[in-house]
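*Asks:* One structure follows; several queries about it will come next.
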Amino acid sequence: MAAPQTKNGAISYTDLAVAVAILATVIMMIIPLNPVFLDMLLIFNITIAMLVLLATMFVEGALEISVFPTLLLITTLFRLALNVSSTRLVLLEGYAGQVIERFGSFVLGGSPIVGFIVFVILVIIQFIVITKGAERVAEVAARFTLDAMPGKQMAIDADLNQGMINEAEAKKRRRDIQREADFYGAMDGATKFVKGDAIAGIVILIVNILGGFFIGVLQKNLSVSQAAMKYTILTVGDGLVTQIPALLISTATGIIVTRAASDSNLGQDLTGQLFGRPRILYIGAGVLALLGVIGLPPFPLFTMSAFLAFLGYQMTRVKAATAVAEIEKAQEQEIEEIKKPENVISLLNVDPLELEMGYALIPLVDTQQGGDLLDRVIMIRRQCALELGLVVPPIRLRDNMQLKPNAYSIKIKGVEVAGGELVPDHYLAMAPGFDDGSIPGIDTKEPAFGLPAKWITAQMRDQAELAGFTVVDPPSVIATHLTEVIKTHAHEILGRQDVQTLVDHVKQTHPAVVSELIPDLLSLGDVQKILAGLLKERVPIRDLVTIMETLADHARITKDPDVLIEYARQALARQIVKPYLVPGTNELAVISLDPSLENRIREAIQQTEQGTYLAIDPMEAQQILSALSSEVERVSQMGYQPVVLCAPIVRLYFKRMTERVVPHLVVLSYNEIGTQLQVQTIGMVK
């Protein structure tokens, strides 16, 4: 016979045993049980309750015993089944085994009234004190856990975006949050089982005493006193032997719903938090000694006072020894870490993007102080994904004491590429044109684009906005600068692993184009070079399907990345040209190249085995760049975005020649201009 399997087959032995046990519990209510067997089940019930209580005391969090709500239902059902079975034996045979009889005789002490009172007290403790409190705590915990879920999810997203955790850890935390909500939601309903069990215990007790009394007098010809004594002992014994486990389970329920998440179990928490402060123990010892002096029984008070004083002295010694041990351990660990070769390897990790800030800018990140820079960083990643199609890696935010208090630094792969300095509690105001000095402030330059600006106080903000100034707060300044840096250096940020992630995403919906292109026609590295080339000129790669289909069409003819980039640009022509159209029209204002200049550039293109390059005379190149700068400045003063239009074969080389002097100059080719567009030449480079 094959063993049961846990997946894709038969259930396991443990699953089968649990299912049989639950079914047997239901059958117990129907089939009469032997008194000896009932004794075993009653002891088993006490054992299970004791184990559950101990388990709740030694867990460090509720999720370590997430099966508790279901266990609560099963144990309640089991106790009710035992009540039914024992009641049947008590009423039919007047005997229900040694456990019930011994419990009844021991607790009653020969007095049915005493036993009844003890039973009622136990039920009151369970029902009114423990169960009622646990029910309320479970209800409140369920509500607050659900209310806290969005905040916890946002905290996980923030940690993920900062690179503090990876995707696997984020998934685990989200799963734990969901499990925690499910647990407390289930506990809110499961506490009703305990409450109902306590009520059922009282009702069963009354029914058993009355039923046993009448059966003993009417059917078994016992005297009134004999019937009352016999059936009260059995009934109270039956009630106690089931109510004691119920009390243990109720206590476990109260412990599990009132326990906060901790790194230690209940015993360690109680010892550390209750007795971990020697000053409290000394004060308690003094109060007890004072009570013994004023006339209360001195022996127990002085004894307990001495015990607390001794305990406080011991805790003082333990804390001092622990502090010394922790210092020594930390020093040893530091020495060991230095010796480990892995310590050096960990230093080799370089963050793709970092934002370092001086200590005066830390409040911009601290949400408790109203800082929203973390949320803005999340929006920056989303914005770059929508505009460029680039999945920006997590941006690590950290403080740097070496920076000026108000300064910040943006690093790419550990190297600073940009930075700036802010004035906290001020706003950055940029004039729409010429600044006439009507708005007082601290003159500066806008860090992202280098525009003239000034820092103004909050009181001057409304006046500046009425005067036409663009006014932004410090977090917006950093966010704008960071966004511009990411767009400028997107081609450096995009790596092979990032491209693999993008390709895998496309493969989910367009597997054919991916399988055709990679690796048969182009390697992953080739695709990365092409995408980086597009991003270098701020061409969005969001339409990756079109790009890959274009590469698949032309990669059979050429593997040259520069040529393939031009083909990809032609396929994305509408996306490339649209941002530069005159608003509200299909008109494109351009600076053209003189035909003779285009011919000279075309003739200067040299092709070698290593690739192609532009071999042009330095003096002539300087003249071209000077003429271009003049045209760009003139067109900018006219209010147009400088756009150069040239022949396709010249476009790439002209862009490379000019990118050092005019880095953000847009250079388009004739093949990227659609037939529906109207081209207006507003300048020419000669």
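Glycine is treated like the rest: Cβ placed from N, Cα and C.
Pasting the feature list from TrEMBL:
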type	residues	note
TRANSMEM	16-33	transmembrane segment
TRANSMEM	40-59	transmembrane segment
TRANSMEM	65-82	transmembrane segment
TRANSMEM	103-129	transmembrane segment
TRANSMEM	198-218	transmembrane segment
TRANSMEM	239-260	transmembrane segment
TRANSMEM	280-311	transmembrane segment
*Asks:* For the transmembrane segment (198-218), which recorded stretch in the set 16-33, 40-59, 65-82, 239-260, 280-311 gives the largest number of Cβ pairs separated by under 8 Å?
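*Replies:* Maximum Cβ contact count belongs to 239-260.
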*Asks:* Go through the chain and flag residues at least 6 beyond the ends of the transmembrane segment (280-311) whose CB is under 8 A from any CB in it; none is fine as an answer.
*Replies:* none
*Asks:* Who are the chain neighbours of the transmembrane segment (16-33) in space, where the CB to CB distance is under 8 Å and they lie at least 6 residues beyond its ends?
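*Replies:* For the transmembrane segment (16-33), the nonlocal Cβ contacts are 4, 41, 74, 77-78, 80-82, 84-85, 88-89, 92.
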